[in-house]
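Undergrad: I have a structure I would like to understand better, so I am pasting it below and will then ask my questions one at a time.
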Amino acid sequence: CPSDMGLALLQVSCLCGSAPCLLCGCCPSAKNSTISRLLFTFFLFLGTLVSIIMIIPGVEKELHKLPGFCEGSGSVLGVQTHVDCSSFLGHKAVYRMGFAMAAFFFLFAALMVCVRSSKDPRAAVQNGFWFFKFLVLVGITVGAFYIPDGAFTSVWFYFGVVGSFLFILIQLVLLIDFAHSWSQRWLHNASESSTKGWYAALCTITFIFYSTSIAAVVLLYVYYTKPQGCTEGKVLISINLILCLIVSVVSILPKIQEAQPHSGLLQASLITLYTIYITWSALANVPTQSCNPTLLVRNSTSSASSIEPLTTWWDAPSIVGLVIFILCTVFISLRSSDHPQVNKLMWTEESGAGAGPGEAERGEHRAYDNEQDGVSYSYTFFHLCLLLAALYIMMTLTNWYRPDESLQVLRSPWTAVWVKISSSWAGLLLYLWTLVAPLVLPDRDFS
């Protein structure tokens with residue numbers, strides 16, 4: 001980037017201008033739409049980083065110094081006027097950060113309804129004024145920390161559950177699309193190459209995915225079930241295992257292969273691996289100590305039924321969920337799909353939007369900086385995706401736990417288990433539909 005102080009000041013002043021000016025020195029060819037999405041995603045990641053810092057044990061203990069954040073937090077309920085929430089401060093802080101980020105993206109989702117091109121004055125707000133947007137986010141965040149606890153945590157928990165369920169479905173759509181695109185590219189490379197390297201790579205990756213899934217299923221049976229009892233865990237693992245076997249077999253049936261030549265075990269193995277992860281994440285929320293070795297119950301005196309209660313918030317399912325969250329949000333921000341059906345579902349840019357006649361015929365994705373002929377993605381839907389992502393990361397960082405009726409103990413509810421399991425079933429059904437749709441609806445183009 002230019003080192004001249006004058007140019008640096010000019011770029012800083014662009015915080016109030018259009019998005020490309022922010023990177024005009026380093027990335028002159030960057031698209032306005034891409035940079036705008038990346039900057040909004042940066043705001044989401046910034047809020048996520050603050051949330052992670054707040055649940056670090058050393059920082060969590062200092063949150064009680066915030067005026068009114070802990071003392072008297074239960075007075076709104078009219079039942080308890082003094083609640084010792086010393087062990088819940090990190091949990092409460094993450095909920096308020098989640099609320100602030102969700103409110104911020106909801107504000108922009110509502111503001112950008114029906115924006116069709118950059119000729120709409122609201123498009124300038126979408127692609128510029130970043131310094132003022134940051135101030136708005138900071139203001140909402142500060143205000144969120146003054147929300148009385150009372151019924152807020154209990155009610156916002158259900159908002160988080162619904163939002164997380166929807167975001168998991170979006171993750172599954174992106175994963176299915178990624179798996180299909182991956183398989184198509186490698187098969188195309190294999191058909192154009194005289195060597196068998198691409199086929200060998202496909203077989204190797206598929207074998208690794210299935211081997212990992214089988215090993216994970218064995219570990220789930222070992223650690224989350226018992227010879228006597230734990231019936232729920234046994235049933236949930238078995239059902240998802242059977243469903244994964246079904247979709248794997250369906251993906252290689254002759255009629256499916258005839259209708260969808262690019263379908264195969266690579267996609268099925270990736271979907272299977274993700275389904276087993278969701279199953280693991282669900283079992284980690286089973287509120288029965290004997291069937292869930294990772295269960296943590298924290299009460300108001302910071303005691304717990306497990307060793308090192310504070311560090312157990314960083315459990316493996318949450319870390320994996322955080323990585324998947326980052327990958328999916330970056331995916332949403334950087335690119336559109338190779339498949340028109342996915343673009344229509346996700347409301348992202350399609351071939352021909354803002355493109356010239358020749359580009360439209362070649363099916364190229366082209367988003368001009370000014371977007372005068374049409375926006376390259378739905379502003380409102382993009383902000384709604386980030387809103388759901390904010391709720392998902394809020395629930396992930398708090399392990400989907402919530403205080404009980406007495407506001408004295410954080411527990412893992414069955415609600416979290418069934419929401420995650422339901423999302424895994426929905427994902428498998430969605431993938432199964434992508435396989436059988438060409439047979440059920442032969443008149444439609446699913447290429």
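Heads up, the Cβ atoms here are built off N, Cα and C, so glycines get one too.
Per TrEMBL, transmembrane segment is recorded for 6-26, 38-59, 93-115, 127-147, 153-176, 197-223, 235-253, 265-283, 316-334, 381-401, 421-441.
Map the listed features onto the structure and describe their local environment.
TA: Sequence-remote contacts of a segment are chain residues at least 6 beyond its ends whose Cβ falls under 8 Å from one of its Cβ atoms, and for the transmembrane segment (38-59) they are 19, 22, 89-91, 93-94, 97-98, 100-101, 104-105, 108, 130, 133-134, 137, 141, 310-311, 313, 325-326, 329-330, 332-334, 382-383, 386, 389-390, 393-394, 397-398.
Outside the transmembrane segment (153-176) by six or more residues, the chain places 91-92, 95, 98-99, 102, 267, 270-271, 274, 278, 324, 328, 331-332, 342, 345-346, 385, 387-392, 394-396, 400, 402-403, 415-416, 419-420, 422-423, 426-427, 430-431, 434 with a CB less than 8 A from a CB of the stretch.
Remote same-chain partners of the transmembrane segment (265-283), defined as residues 6 or more beyond its termini with a Cβ less than 8 Å from a stretch Cβ, comprise 168, 172, 175-176, 178-180, 182-183, 186, 202, 205-206, 209-210, 212-213, 216-217, 220, 224, 233, 236-237, 240, 243-244, 247-248, 251-252, 291-292, 317, 320-321, 416-418, 420-421, 423-424, 427-428, 431.
Outside the transmembrane segment (381-401) by six or more residues, the chain places 37, 40-41, 44, 47-48, 51-52, 55, 91, 94-95, 97-98, 101-102, 105-106, 108-109, 112, 159-164, 166-168, 170, 284-285, 296, 313, 315, 318, 321-322, 325, 328-329, 332, 346-347, 410-413, 416 with a CB less than 8 A from a CB of the stretch.
Counting same-chain residues at least six beyond the ends of the transmembrane segment (421-441), those with a Cβ under 8 angstroms from any Cβ of the stretch are 165, 168-169, 172-173, 175-176, 180, 236, 240, 243-244, 246-247, 250-251, 255-256, 259-260, 263, 267-268, 271, 274-275, 278-279, 282.
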Undergrad: Hey, which bits of the same chain come close to the transmembrane segment (316-334), Cβ under 8 Å, at least six residues off its ends?
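TA: Contacts of the transmembrane segment (316-334) (Cβ under 8 Å, skipping residues fewer than 6 from its ends): 34, 37-38, 40-41, 44-45, 48, 170-171, 174, 178, 277, 280-281, 284, 294, 346, 382, 385-386, 389, 392-393, 396-397, 399.
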